[in-house]
Structures are given as structure tokens and as C-alpha cells.
Amino acid sequence: MQPPSLLLLLLLLLLLCVSVVRPRGLLCGSFPEPCANGGTCLSLSLGQGTCQCAPGFLGETCQFPDPCQNAQLCQNGGSCQALLPAPLGLPSSPSPLTPSFLCTCLPGFTGERCQAKLEDPCPPSFCSKRGRCHIQASGRPQCSCMPGWTGEQCQLRDFCSANPCVNGGVCLATYPQIQCHCPPGFEGHACERDVNECFQDPGPCPKGTSCHNTLGSFQCLCPVGQEGPRCELRAGPCPPRGCSNGGTCQLMPEKDSTFHLCLCPPGFIGPDCEVNPDNCVSHQCQNGGTCQDGLDTYTCLCPETWTGWDCSEDVDECETQGPPHCRNGGTCQNSAGSFHCVCVSGWGGTSCEENLDDCIAATCAPGSTCIDRVGSFSCLCPPGRTGLLCHLEDMCLSQPCHGDAQCSTNPLTGSTLCLCQPGYSGPTCHQDLDECLMAQQGPSPCEHGGSCLNTPGSFNCLCPPGYTGSRCEADHNECLSQPCHPGSTCLDLLATFHCLCPPGLEGQLCEVETNECASAPCLNHADCHDLLNGFQCICLPGFSGTRCEEDIDECRSSPCANGGQCQDQPGAFHCKCLPGFEGPRCQTEVDECLSDPCPVGASCLDLPGAFFCLCPSGFTGQLCEVPLCAPNLCQPKQICKDQKDKANCLCPDGSPGCAPPEDNCTCHHGHCQRSSCVCDVGWTGPECEAELGGCISAPCAHGGTCYPQPSGYNCTCPTGYTGPTCSEEMTACHSGPCLNGGSCNPSPGGYYCTCPPSHTGPQCQTSTDYCVSAPCFNGGTCVNRPGTFSCLCAMGFQGPRCEGKLRPSCADSPCRNRATCQDSPQGPRCLCPTGYTGGSCQTLMDLCAQKPCPRNSHCLQTGPSFHCLCLQGWTGPLCNLPLSSCQKAALSQGIDVSSLCHNGGLCVDSGPSYFCHCPPGFQGSLCQDHVNPCESRPCQNGATCMAQPSGYLCQCAPGYDGQNCSKELDACQSQPCHNHGTCTPKPGGFHCACPPGFVGLRCEGDVDECLDQPCHPTGTAACHSLANAFYCQCLPGHTGQWCEVEIDPCHSQPCFHGGTCEATAGSPLGFICHCPKGFEGPTCSHRAPSCGFHHCHHGGLCLPSPKPGFPPRCACLSGYGGPDCLTPPAPKGCGPPSPCLYNGSCSETTGLGGPGFRCSCPHSSPGPRCQKPGAKGCEGRSGDGACDAGCSGPGGNWDGGDCSLGVPDPWKGCPSHSRCWLLFRDGQCHPQCDSEECLFDGYDCETPPACTPAYDQYCHDHFHNGHCEKGCNTAECGWDGGDCRPEDGDPEWGPSLALLVVLSPPALDQQLFALARVLSLTLRVGLWVRKDRDGRDMVYPYPGARAEEKLGGTRDPTYQERAAPQTQPLGKETDSLSAGFVVVMGVDLSRCGPDHPASRCPWDPGLLLRFLAAMAAVGALEPLLPGPLLAVHPHAGTAPPANQLPWPVLCSPVAGVILLALGALLVLQLIRRRRREHGALWLPPGFTRRPRTQSAPHRRRPPLGEDSIGLKALKPKAEVDEDGVVMCSGPEEGEEVGQAEETGPPSTCQLWSLSGGCGALPQAAMLTPPQESEMEAPDLDTRGPDGVTPLMSAVCCGEVQSGTFQGAWLGCPEPWEPLLDGGACPQAHTVGTGETPLHLAARFSRPTAARRLLEAGANPNQPDRAGRTPLHAAVAADAREVCQLLLRSRQTAVDARTEDGTTPLMLAARLAVEDLVEELIAAQADVGARDKWGKTALHWAAAVNNARAARSLLQAGADKDAQDNREQTPLFLAAREGAVEVAQLLLGLGAARELRDQAGLAPADVAHQRNHWDLLTLLEGAGPPEARHKATPGREAGPFPRARTVSVSVPPHGGGALPRCRTLSAGAGPRGGGACLQARTWSVDLAARGGGAYSHCRSLSGVGAGGGPTPRGRRFSAGMRGPRPNPAIMRGRYGVAAGRGGRVSTDDWPCDWVALGACGSASNIPIPPPCLTPSPERGSPQLDCGPPALQEMPINQGGEGKK
């Protein structure tokens, strides 16, 4: 090669390298300019740039015009969006080379340009046929786009859907381009280029090493002695000097410390940290910034015009401080790196500093002068010329216009133009304009109804009263004349005013001082003295107080002497003296001897208040009137002798005796004479016991003075003593020192007073000052009153304590400077006088600031006015008159002298100046202003002044008259007195005489009658003042006008239910009710607690306490708690709150009762709920029948057995050191606890497989139905409820368990058999509900709750309806029906015990009880059961129980009697032979059982697939598990599915009454219950059981076809037709499942009915209770014809979702329904829809190995790598479930193998865990696997769920269906398995669709005799879901041989009917399930598939079947 050629080649290579390394993007400053169409290039980092396009252009280089520039492009308010062409290299359809546009239309419009009005918000083309449209809540349509499309109307390609980014790049959709976020090591638009790290500067490897580039990374080739990714490790120990620059040396232990590493500080690198790298190598300094290297960083030194860390921020020069950049008003505009000035007109230059000469280009006319101005010019015209350019002739020289008009020249035509003065018109403005005449054709110029008066050049308005102004536009301010009295506020009103008077003044003008004494405020005849704004009361003696209302108690000072009693009187007192005293104060003693009361000869002795006669000898008595020896005083023969003032009767011998026997009376101070006492002097009384005069014996002690009384005496005690005889020492309280109602309390040193709240002080003499605490707010003044206080509020506040803000008004006088106030809704408004402003007119205006004076003067303000100081040469008020004569002034203005002054004014020379003498009505320096005659305010007393042409007119306020309203009229004329007061005129006003009850100047005030306290104090609650009256509100127990009458509160009989009423004064109601037994409450209206101290609400059960002395308790239902069952149910499971105490961790479990929990506890808290042992207070609560969770533990015998079903120690016999109670049922095996004594560790050590999912629901539905289901007769399936027990081996009385459960009757009906099955599965023994001799379930109400119940009653669906009514309604507290039931269950223990060592289960009932007690103790039993289990009683079955149940809750005698009767019934029942023919049929309420006339074989249908749709096509009890494909179906809550029994070949369609014969179908009588009247038309929508209508029954029974329903409907074709024609409702739905007739037509595959229902308006999108639409039901039932009908309906929502989010497409993919997946995709079903677990239809197809559906979904755009909520892909599910075909399909399309789920598992990992070796080989890339399956050794060879072929010798254990089995080796079968659902071949080729036993009683069709072809030429595959035939052994005309021994009995396989009525049988051909027989080799069931002659293909052991 020649050297020039070599040189040329090198040059080409260099150019190529430069082009390769050149960065992508634009380079600003290159040639040519990169930005087109005026775009600006902006530099970015790394030298790249971007174009900022000018308006109207777009694109990367602004190369495209913006189509949205046209504002009319999108019509009707649509928004326009420009769409750029797709970039090159993207996977998109061919796009145009010019941009397009997209119009986003408003709701209601559509079209490419939104030009069409849209009736339907979602037209078919709205989403561009690439998505589905649905309407949002706001009414706007919204599109759900298909994969690969995006945008509001799915019009944009989603370029990221194809994942264009390679090498792990993440695609970011930025339309119309994409952006790939590349991982480290890759770059490029699609991350397609590998970054060569070795070319970087500096390189990644240190000096002295070699760099080798790798894909996405690099590798450093280290010399000897260095190692590490970057050769950073050096051999040898750390050098003594260490590492440079502060680095840390660290030995590498993983290299045996033979290498060391320097850890460098920031800013240094290198093996020894010796290098400071240049950080400026890759700096990002922009815009000319200089990089300055630093330590581990760099700094950008920016030029002056840029700032920021990378000099990328522009400095805004326009905002910098300093002198402005732009002068002369120029505007500064910032730009990138600079600025520029936008100058105003006339200026130029960089900073607008140059003044441009505008006269250079001016065009002024010749002869004119141009004058330059700023930004303009002006032309100075010569005389006679005018115009802007002086180009027009001045037409005004001849003065053609009126003198007051303005003349100008028209700039266009050059003619004269007159601008008229106001009020004139015409060409020359000489014509007067009649404004009032114009008002007749339009609005009047005078407002508010003013009258218009035309004047020359103007008009005047005659205003109505109250208005003023030139146009009556202003409200006249009547307050301008200041009519109100000084100190008051004038309120301006419309045509009047109102004076707001201050306190103390009144009257219309506030001119009258208020007489506060007019209302007679002073009491007790006091004199009132009027004050200003107040009064003073001059009290009479004896009264005090502000109003003399307090009567002074003159008796306080004890003014009465000598024991006189003081009586207080108003203003005085009165002394009631004792006898013997007199005087005003009883101070004078009366001398009773002055009147000589004693007879002559007797001496009078004066005594205090009495006298005493000293009788002479021989006389006695008070007045000495009785002789001592009176006649007949002595007896005969006795002699009367007077001895010492005493008469003695002496016997003849001189001795006193000889008294007769009858004189034996007792005389104290006298002698007995003739049986009566003759008293001594001074004594009296029957026995002379009373001292006459009293004082003779000196009874008064301590020197007291005695005063005799008629009945005794009275002692006047000296100071310090008191009492009747002065014997008591007087205390300090005796004198009553406490005043004002205070109570006196003696004390050792004297006394102390307890004062009432109204007074205080040592003697309660001072009124309490309530104002001390300042209770008034907002500046209010506190006024103290007796016992209370009041607040006088400041201005603007109100309320009892002035706490409320008062809306301001003119009453607050807010206006200042004599302004006028006007009230308005917004508050007061002040009308300010001239010169003032502000809200309150408080601010003096600066009048000179408005420049009222011209430039030739100075303004000087004085107060609210101003005047002008004229400069030399000017004069006038405004200095606008030149200082010249009239002649000169007119000449200077070019007018006549007569026109100098306006309005006819006369110009008068005055010295050097002149002035205008104005005519009347005008003013001003030139007479230019009209004079306002009202300006001087001539009208008085609030009158309104109205200007008139000739003066003014005053409109007077009411009460005034005269020219200026100065004359006052009669003040009473306006009737100012209110409330019928009498008005009397007086000078200056009036006087109102008020009637009683009213006060005030105008009698406007109502007297508060309650001030005098008229109500009775003890019976009054409150006094209410009324208008001139009052009302007393009485306390309970009082009545009357003044509440003075007491009433009997018991008179109205307030006590209910026979309660006794007792009146009490202290109770709140005034009475107390003594209630009878059973009632309580204040009025005995509440029923007493029925359970001890509590009511059992919400169906709770009352249980007696087994512990003596403890009250009964409530056992609550449905999760309620608390002593009364009122506590709402707490969250089940783990809460919150967590049920585990002391930081225990909680895990949830499942069961019938909802989620349960299991606690994992720390060692210090080992209880079931992590409670600590030995809790306080547990001893007292142990054994009380209530489980206390805190006391439950082995230490306290599980709360004395309360928490363990009454068993104190369930683990009795288990070694205590093993702590097995703590390990029981914790999910882990503990060998030390795996024994019978330790209850088998709760079966944790063995986990046999659960019941096959396909059989679990079937076994649930057929549990204990009287038929042996061999596939269900396993421990994991519940032993079939004991149906398979041997007939002959049962004892007469078998083992049993009696359970006490708390369930409501409806719940018991629904959950009874579920309860038995759950316990059977839990205990692993056979359990069933026993029946009595009449075949009824042995279920009895709990005797303790309803003792009156008879044991004959059993479980009854109408239990609640038949309950006996209450004899007395109890309102809301009526207890619900009994929730407690005793359920007796039989137990099959034949497979347990020592005889069966392989079976580990409890072998006696006692062990069962211990096992259940242990589960209850650890909390594992409650969540498994539907309700609480309170007690269990086992019975071994050897003899009937003789005693009552030995548990605490059944301890009453009634319970014992009942249980004895229960035992007798059990014995009689078990003696009889058990019937095996059929199970008991329970019919729902409303159905009646038709009596059987003849026996018939029983038929039922076995399960046919794991989806179990055929078992019960109703709402599933359990939703589809997220990880499985099993969709268990069953009855709805509250729904039972019965089995209709077949009675031979059916001839009728049995409905509600199950009676034969359709009758006359058009009348629809057979479809409705009995009508009330035969004449009434039948109700076509009558509801039957579960809400079933006749239309539903007709759809269920089906359409008439050949071979189907022989004799159905008695020849009546299509039974729904007459119903729909008669108006039957097609939208009705059942109560339980919510299914409509269209649902039933889909479920039973009735295409004719479905079509007819759609025509009748049935809603195809109506969901049932599970959210399923008819399309869901049709897909699930494989009703293809119905599916096609629904898909053809435009109303059908193909993407409707159930409650779990399942769409019909997901259901079809999951159930492998043939062809429906493709049909749904063709109907635009969303292939990317997700359910609530995040799974798509492709996930479900992969999970069930539906390769056909998966292929169709992938072809429709399904995402092959979609991840669900657990981040599992379809490939992951295929690997987990062993779906080889789907996995091959996905791997062939490049599905990601390494995507992991949340647990970090990849598809290969889960395939390895599940032993799917064939899939593992696929995933590891070894190619497609062969048909093989490696069996792993183990117990029974382990499960093989995916064998491809079936061996005849290998049956599934238990029969049933084996989901997805592919290979079964000989002798190795899955336990609990069944028929293979995914096998590619089957033994018998039956009809695929529309026939078989699974098509709901329809006939089989299309089955070729002898195994001929099926309809449509298809061969039925077991992999198909939906209705599929069984491998049945057929006979009859189909030539099918018997299966078991050559014959199949029709009695063996009774038909299982659906819930909605009994349909006719498909035919008389029995369809048995797989024949299951025991295997003699392995003891497991075998699959007997009939003779091989009928098989279409041989089944080879270990190989594929060939067709």
C-alpha cells in the first residue's frame, strides 16, 4: 500500500472516531445554526444544547410548524395538543413526516375536531377502538386502553410496552420519544452501547496496571504484589510510615493478613493515597466558567453575568442594586448572560440615554414651527391655521358657535365643529335642550320621584320630602340643622330624624330631663328625689336600702324590758308586755294594790305582775272570801278549830282523826275532806300540787325575779342566765348577734356566725361585694346587689356579664365633628361635613392637597376651609381672574365684554381688576355656579330643605310648622304614649300618665312584678315577669297561683306494674316507688335483670354459676361481650388490639366462627394468651363458670376449669416437665408430647393431606345424609358423618357427646351439620347428630333458659315464628329467644384405640372431652366453631345415662328431669335399626313435602371437577384461594339446598307445592301460591321461598326439547312466554343469592329463555350477591349459546367484575372452558385486567396449564411478565403448578426467568421445591423435557398430582378428582386424590357440551353408539371445565356395560338436584361416579373403569395414550 493511501486511511479512521465519540445532541454556535425558524439555542451541560422555539414552531430543531396555532382547529372548547412524528428506530406504525394534532373534547362533543355534539358520552369510536370507554362520576368519559396504547383516547402508541431498552434499561415513556434509564456500564438511546471504562480519564485502574474492558464493567490487570478489583491491595504488612495524606492502613484478614489496604480520606486516591485526582476533568462548569480544583471537589469561577455552582444560573442584571441600567423610563429586560433596554418613545441608545429628534421626520405645514418633545412633536400654527400639522384653515375665526360652546375644526373635512355646552344642542349650539321632555321617552333625570322643571340650558328637580341634590339623588340630611339637644346624637332617617338621648334626657329632641321618680321606684312610702340620670330615696325611719326596700329589724336590739315580747313592724316595733308591766318598752311595773282588791281587814301585798291578800284570822282564799270553818266543813260530832290559818276538825276527845273511810284522797299541800283536797294557803289544784301565785316558793334561781302568772310564774333572769327558772347559763348566741339570716354557733370563747351568700362579716352585717372578682368583661361596670350583682356594659357590648359584642349603631354616637349618622345593615355610616373625612369623620382633610387653586396662586387652609393667595397679576376667589379691566380681559379672550361674566352677570371694573356682579341664583368669580339656597341651612328642627327656582322650601318634621319649621305643634298629636298611656301636652313636650304595670317617658317600660317576690318561697322554682302580670313556676309537689298549695305527688299513681308510691320531700320527683319483684327504676317501669344483676342482650344465654354464692352470668352470642352482652364484637383474629399479652406475637387461624389467633409467648408469660402465671385475684374467680383469660393457666387449673369446658387438667397424666400444654397445636411436632396422655401433641406430629379440594365441598354437602360416600369416608374428609359405619356392628347405645352450644335458632339451622363436621375433622373421629325414634335431630333448647320447653320439640326452621308470644310487652328490654341448645352427637370410635395402632385418635369419649378441653384452654377451639361451646358431656355408650349431665351449667332439678327424659329417648332411638335408604330432607320455609306414593331409586351426582360448579351453582362459601384454582361453591348464608327425590320417570315439573300437573298454563295458576280470591288475577311476581318467582321456576325447569323432560309442563311449550307476556318482572332476584331469571337461564343453559329475557328488558349486567353477572354464570356453566347471546348484546359489560375482581375472561381461562376465551377476546375483553390478588387471565391460564387460553391471551397482547400482588409472574405459577405446556409457550416468547416473588423465589426455585424436574430442566435451558416424572422415595411414594397418563391399577385414594395429574406410576397414587382432571385422554368419549349428567337434568345428546364421535367432531377432554360428563358406564340403547361386576344399580347413584326446584331427570340412564373399590394390594381404593372394550384408547402404564 502506498503511503498516501495509508495516510488517507488513517485520516478516515480518525474522522470515524471523532464521529463516534462526538456527544449526541445539538451544538450551539455551530454552522449552520442548529435551530430553525428563529429558534434560540440554549447551551446545557457537556457542550450540548437545546432549541427554544419561537411561537408557532416546535420540534427538536424547531423544524415543524405548530398545527395548534390555529385557535379554531379544535371546536366547542376542545383543547389542542400537537403530536410530533415518531422518532426513527421506534417500533411504531409508519407515521407522517409532519406533525399532527389531537383534540381533547369537552364532555358532550366528539369528532376529530370536536365538531360533533355527542349524545352518548362514550361513542364507539371515542377510545380509538383501542380501549374501553366508561363514564366517571363527574360525567366525563374515560378510556381504559389496551396494552401498547396510551393517551386520553388511546390514540398514542405506548412505545415502552415492547420494552425497547436492552441490557436491563428501564423505559420511561415521554411521548413522542422514549428515554431509557441505563444501568451502570451502558449508554445510548436504548442502552445498546457498552461504556469502555478504560477510555475514561482518569482510568479506573491505577498507574502501572492494565485495564481490560468487559460487557458493562471493566477489569484491572494487577502486577505482582497487588490484588483487588482496582489493584488497591498490596502485599505485605502496613508500612511503618502508614498511608499518605492521612490514610488508614488496614490488614486484610481474608488474605491471611498478607495484604494491606489504604483507606483514603476524601480527596485522595491511589494505593498509598498519594494522588489528589483532578476533579476538574469531568467538571460541569457552563457558560465560560473556569474550573478550580479542590480537595474531593471543584469550584466554578463564573463570569459576571452567570452564577450558581456550575455557572448555569443567569444573573438578573435588572434586579441588581445600584443605578438603573435603563434611563428615561426605559424597561430593563433580562436575557441569558446579558440584558437589553426597551426604551419609551422618543428615546434611544443602549441605555435609552439619547433623546431622538422627532422634528426630523415631522411634516408640519409650511409656515408652522416644529417643536420637538419627548417621544413626539407639535406644530405651532400661524394665525388662521389649525390642525395637528397646521394644515387646516381655522374655521372658528368667525365665531359660528354659541358663546359657551367650544368651537373646533373637523380634522377630516375641515368644517366647523361645535361642541355644545350642557343643556343646548343644534349645529351652532343655540337650541335649548328640554331634558324634561326627553324624560318622557326615557328615564327621568330626577331620581326618587322628583318633578322635572326645564330651564334654559338646564333643568331643576323638585324633590320629594327627604331627598335633595340637583337630581334628588341624595338623602337629605335632616341632622344638618342640629335639632337635637346638645349631648344627644341625631340619627338621620328618610325625610325625618330621630334623636338618641343620653341617659337622663328624653323627649323628641332630648330636651326634657327624665324624671326617674315617675315610676315610683321608692318603696315603703319613701320620698323620691329626682337626680340627673338617677334618683334618691329618702327613707322613713325603720327602712333602708337604695329603694328603701329593707325593713330595719328594731327587735334586734331587744328594746322590750321585763320580759316583754318584741314584735317588729314596718318602720317600728311593739312590745307585748307581761302582766304587771306596761309602757312602750314594758319598763313600768303596775301596782295591783292601788285598786284595793282585798276585802276590809285583809292586807294587800303587791307582787310583780300580781298581788296577794293576807287574810285575817278565820278566812282564806285569793281574796279572803272563804271562811276557814265553813258550814258543814266537819262531820257530825267534830269540832272545827282555826289553828294557824288552817281549819282542823277535831274529834270529841281532841284528836284530829275520825275521818270516814271514804276520805282517803292524796293532797300535797292540803288535807282531804270528803274525798277532795282542801289546799293550804298559796296552793291549788286537784291535789294541791300547783303553787298559787307561783312566786311564793321563790322558784327563780341565780337571783332571778319571779312574776306570778295565772297559770304559774315567769322569771326575769339576770345577765348571763336564762331558762324558765334562770337555771341555765346563757351563751353568747342567746342575744341573736348574727344578722341578715345568719346562723349563730357557740364557741369556747363566744360565738361565730355562718352567713348566707348575700352577706358577710363577723355578724353578717355587710352585704357581699360580688364585684370584688371583677365579673364584668369588656370594661363593664359592676353594680353590687343583695345576693347578686349586675353589669352596666360599656358601649358596644351586651350580655349578663358584657361578654357579647353589640352590633354598632348610631345610638353609640360614633360620628364626630357634628357629622350626621345613618344606620345601615352594615353598621352606622357617618356623613361628614365639608372638610372632614374618615369612618367617624375624625380626620381633617388636606384641602390644599387637591390643588383647588391654580398655578398662579398659593393655597392656605384654615380649619375645614381654604382660600387662595393670588400671585401678582391675578385676583378672584380662585385667582383665575387676570388683574386687568373688563375690556382687556375680554379682548385677551377674544370675546365681548358682555360675555365675560356668565349667566347674565355684569362685569364691573374695580381698581386694577374687575369682578362679576351676579344675578340672583348664581355665584362664582364668573357667575358660573348656581346658588344653593339650602346651603345656609335655613330649615330648623330636623326639617328637609328643598331648593326651588325662587328660593327654598322647608319640609317640616312631625310636630313642627312654619316657613323654617320653627313653630312647635301639639306634641300629643302623634300619640307618643305606648301601652294605653294618657298624653298631656306641656311646654316643650308632653307627659304620659302610664297605666299600672308600665313606666317610662312613653310608658314603654314593663314593670318587673317579680321584684316584690310575690311567689311562695318554699314552693316556687322561679318567678317570670309578664306584661303587667307575673307567673310562678312551682316546684314538684306544689300548685296554686303563688305555689302556696302543697299537693300529693302520689295522687296521679306514678308507679307502674303495681308499685307502691310514698311521698317524700327530699327526692327529686317528690315521691319514691317501691317496686314489686321483677321490676325496677324510679317508676318501676323497667324490668329487673333476668340473669342475676344483668340482662342477657343480643340473644345471650343465662347460665347459673356452679360456685355457691355467685350470681348467674350471661353467655354471649355472635362475639358480644360484657356482663350484659352489650359490648360490641371485638375484631376477630389478631385484632387490633392484639389478644396476646406481654408482647406476645399473634398469628391468625381460620374456622367457622371467623378468624382465630394463636399466640407465641415469651418464657416469662407462658399462658395461652401470654398471661403470666399466678395472676392476682384469680382464687376468688376460679370455678365461677366464667372464663377469665388472665387466670387461665395450668397453675390455676385453667381458671378452675372455666376455660377448659369444666375439665380442671386436660393434660392429666402428661409429664409436667414436658410443658406440653404450652406446645399443644402450635404447628410444630414435639415428640415428647406425641402420646395419648399428652393428647397426641394436638396432631402436630402428623399432617395427612386434607380432603381433596374437588371432594371437600361435595363431602361437606353430603355429610351425614344417610348414604355412604366412600370417597368421603376418610379422616381428612370427616368419615362421611358416620354414614359408612357397618350396619351390624353398632351397639344398642353407642358412644355419644352432648354439647351445650350458644347459637341462635337460624344459625343452628345453618351450621348444625357444619358443626358436626368441624368437630369430626378436628377430633379425627366420626361425629353426627343423633336422631330420635321419630327420625328427628336430637337438638333441644337449653332447659335452664326455657324450662317450659318440651323435649318433644326439635330443630325447626320456623322456630322463631312459632315461639310463644310474650304475655306482657317489655319494650326494648325484652330478651331474645333462647340461644342455648343441647346437641347430642353420635361418635364412631371403631377406627381408634389399641386395635388400630395406625390410627392415632381418641378412642373413648372421655379422651375426646379432654382433647376438646385442651383446645378450649389454648384458645384453638373457639374460632373453629360457629358459636361458643360451653360444656361437653361424654357417654361411653354401655347404658343409658341415669343421671343428669355432670357439668356445672345444668344443675337445676328441671335440667335433671329433662336429661333423664333425654336419655330414655336416646335408648329408644338406638334400639331401632338405623335406616339407610335415604337422608332426611329439610325443606326451606314455604316448601311442603309431597308424600311418597311409591319407592323409587335414589340418584345423585358425584363431583366432576375441582371447580365444583356442578355441585351447587350458588354463591360460594369460600372464595377462590389466591394460590389455587379451586372455586368451592355452596349455599348462601341462610340458604339450604335440598335434594328433590325422583319418583320414576318424571312427567311433571315440580314446583313449590311439588304437585303434579301444570294445569292451564296461560293462567299461571301453577306458578303462584293460592290467591286470596279465585276471581282475582294471579300475581305473576308472587314471591315463593327464597324470593323465587314463577318466572324463575319456569326458567329453572327448562325448555321443551325432544328427549328432555318427558311430559314436562304437560305439553305447554316454553313456560316463560305467558309469564313475560303477562308482565312478569325480569329483574326480580332471589333473597339468598341475588340471582335474576337471566342468571338462572345462564346457569341452566337456557338460550331460548335468555334471548326472551333480553328482549323483555332484563339487565345483562345485574350482579348477584357475589358480584357475578349472567355472563359469569354462563361462562361457569359452559353455556356457550347463552354466552354468545350476551356477547352479541351491546349492553353486556364483558369486563364486569365479581367481588374478588374476577372477570368472565379470567373465569374462562381458569375453568378451561373451550372456545370461550377466544370469543371473549374477540368481544374486546380486557386481557390485562387484574383481580383483587393482582392476577390476570394469563396468570390463571398458567396456573391450570390452559395452554390454548394462554396462547390466545398472548396473541391478544397479554403481558407475559405481569406480576401479581405477590410479584409472581405467569411463568412462576406455571413452574409452581407443573404446567409444562404453558411454561414452554412462555419461555418460547422470552418470558423473564429471573423475576422473583416477594419471598425471593425464582420460577426455577419453586419448581425445585415442588419436584417438577421436567420444568426445572426447561427453566435451566436444557431444552424441552420428555414426558417423564421422577418419583421421590417416601411414605406412600408421595403425591403425584401431574401424571400425564392413568394406570388402571393405580386408583386415587378415596376416589374423586385428581387435579392436573399427568403420570401415575403403578402402586404410587396420591392420597386423597382422584380422577385426573388434566389428562389428555379419557376412557369413554362422551358428549362435550350440552349433555351429560352435569348439564342440569337435560338429555344427553350426540354420544355416538359404541363410542362414536361427539357433537362438533370433538373428543371430550377432562381438562375442559364447566359441565363435563363422568366416565360413566352406560347401558340401554347406548350399549354401555356395567362397571362394577357388569351392572350398575339405579339405587346406587341417586340424582343430586339443584336448589331451585326439582327438574326432571335427563333420562333414565344412571350416571355413576368413578367406581371405587378397595385395593387388596395396598388397602387403597382402586379405579374401576369398566371393560376395556369400550375405551377409545388404551391406558398404558408409564406411557402416553395414543388415539
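Yeah, the Cβs are placed from backbone N, Cα and C, and that goes for glycine too.
Marked as signal peptide by Swiss-Prot on the basis of sequence analysis: 1-23.
Summarising the annotation, Swiss-Prot assigns topological domain 'Extracellular' to 24-1447 and lists sequence analysis as the type of evidence.
Taken from Swiss-Prot, the feature disulfide bond covers C68-C80 (among others). Counting only same-chain residues at least 6 apart in sequence, those with a Cβ under 8 Å from the Cβ of C68 (disulfide bond) are C74, C80, Q81, A82, F101.
Look at Swiss-Prot and you will find C238-C249 (among others) tagged as disulfide bond, backed by similarity to another entry. C249 (disulfide bond) falls within a strand when secondary structure is assigned with DSSP. For C249 (disulfide bond), the same-chain residues that are 6 or more apart in sequence and have a Cβ closer than 8 Å to its Cβ are C238, P239, G242, C243, H260, L261, C262, L263.
Taken from Swiss-Prot, the feature disulfide bond covers C364-C379 (among others), and the record attributes it to similarity to another entry. Taking Cβ-Cβ distances under 8 Å and a sequence separation of 6 or more, the neighbours of C364 (disulfide bond) in its chain are C370, F377, C379, L389, C390.
Summarising the annotation, Swiss-Prot assigns disulfide bond to C401-C418 (among others). Every protein chain considered, the tally of other Cβ atoms within 10 Å of the Cβ of C418 (disulfide bond) stands at 20. In the three-state DSSP reading, C418 (disulfide bond) counts as strand.
Just so you know, the Cβ of C461 (disulfide bond) picks up 25 other Cβ atoms within 10 Å once every protein chain is counted. C461 (disulfide bond) falls within a strand segment according to DSSP. For C446-C461 (among others), the entry in Swiss-Prot reads disulfide bond.
If you look up Swiss-Prot, you'll see C484-C499 (among others) marked as disulfide bond, on the strength of similarity to another entry. Sequence-distant neighbours of C499 (disulfide bond) (same chain, 6+ residues apart, CB-CB distance under 8 A): P483, C484, H485, S488, T489, C490, L491, G507, Q508, L509, C510.
In the three-state DSSP reading, C575 (disulfide bond) counts as strand. The local packing around C575 (disulfide bond), expressed as other Cβ atoms within 10 Å of its Cβ over all shown chains, amounts to 22. Annotation comment: Swiss-Prot describes C560-C575 (among others) as disulfide bond, evidence class similarity to another entry.
C593 (disulfide bond): 15 other CB atoms within 10 A of its CB, across all protein chains. The feature disulfide bond is assigned by Swiss-Prot to C593-C604 (among others), with similarity to another entry given as support.
If you look up Swiss-Prot, you'll see 626-659 marked as domain 'EGF-like 16', on the strength of sequence analysis.
Among the features that Swiss-Prot reports, disulfide bond is placed at C717-C726 (among others), with the record citing similarity to another entry. In the three-state DSSP scheme, C726 (disulfide bond) falls into the coil class. A 10 Å cutoff on Cβ-Cβ distances gives C726 (disulfide bond) a total of 22 other Cβ atoms nearby, all chains included.
Annotated disulfide bond per Swiss-Prot: C832-C841 (among others), in sequence order. DSSP assigns C841 (disulfide bond) to coil, not to a helix or a strand.
What Swiss-Prot records for C1055-C1073 (among others) is disulfide bond. In sequence order, P1054, C1055, G1059, T1060, C1061, E1062, G1081, P1082, T1083, C1084 make up the list of same-chain residues 6 or more apart from C1073 (disulfide bond) whose Cβ falls under 8 Å from its Cβ.
Note on C1075 (disulfide bond): other Cβ atoms within 10 Å of its Cβ, all shown chains, come to 20. For C1075-C1084 (among others), the entry in Swiss-Prot reads disulfide bond.
According to Swiss-Prot, the feature repeat 'LNR 1' maps to 1170-1213. For the repeat 'LNR 1' (1170-1213), the model gives a mean pLDDT of 72.
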Check the Cα-Cα distances from C717 (disulfide bond) to the disulfide-bonded residues C418, C461, C560, C593, C1075 and tell me which is shortest.
C560
Near C832 (disulfide bond), which residues of its own chain have a C-beta under 8 A away, given they sit six or more steps off in sequence?
N817, A819, G838, C841
Using C-alpha atoms, which one of the disulfide-bonded residues C401, C418, C461, C726 comes nearest to C575 (disulfide bond)?
C726
I'd like to confirm something. Which of the disulfide-bonded residues, C418, C560, C1075, has a Cα closest to the Cα of C604 (disulfide bond)?
C560
Which one of the disulfide-bonded residues (C604, C1084) has its C-beta surrounded by the most other C-beta atoms within 10 angstroms?
C1084
Set of same-chain residues at least 6 away whose C-beta sits under 8 angstroms from C401 (disulfide bond):
C407, T416, C418, T428, C429
Could you state the whole-number distance in Å separating the C-alpha atoms of C446 (disulfide bond) and C560 (disulfide bond)?
89
C461 (disulfide bond) to C1075 (disulfide bond): how many Å between their Cα atoms?
89
If you measure C1075 (disulfide bond) to C560 (disulfide bond) at Cα, how many Å is it?
57
Using DSSP with the three-state reduction, classify C68 (disulfide bond) as helix, strand or coil.
helix
What does DSSP say about C499 (disulfide bond): helix, strand or coil?
strand
For a quick check of packing: other C-beta atoms within 10 Å of the C-beta of C484 (disulfide bond), how many?
24
Cβ neighbours within the same chain of C560 (disulfide bond) - under 8 Å, at least six residues apart:
C566, C575, K576, C577, R585, C586
At a 10 Å cut-off from the C-beta of C1055 (disulfide bond), count the other C-beta atoms across all protein chains.
23
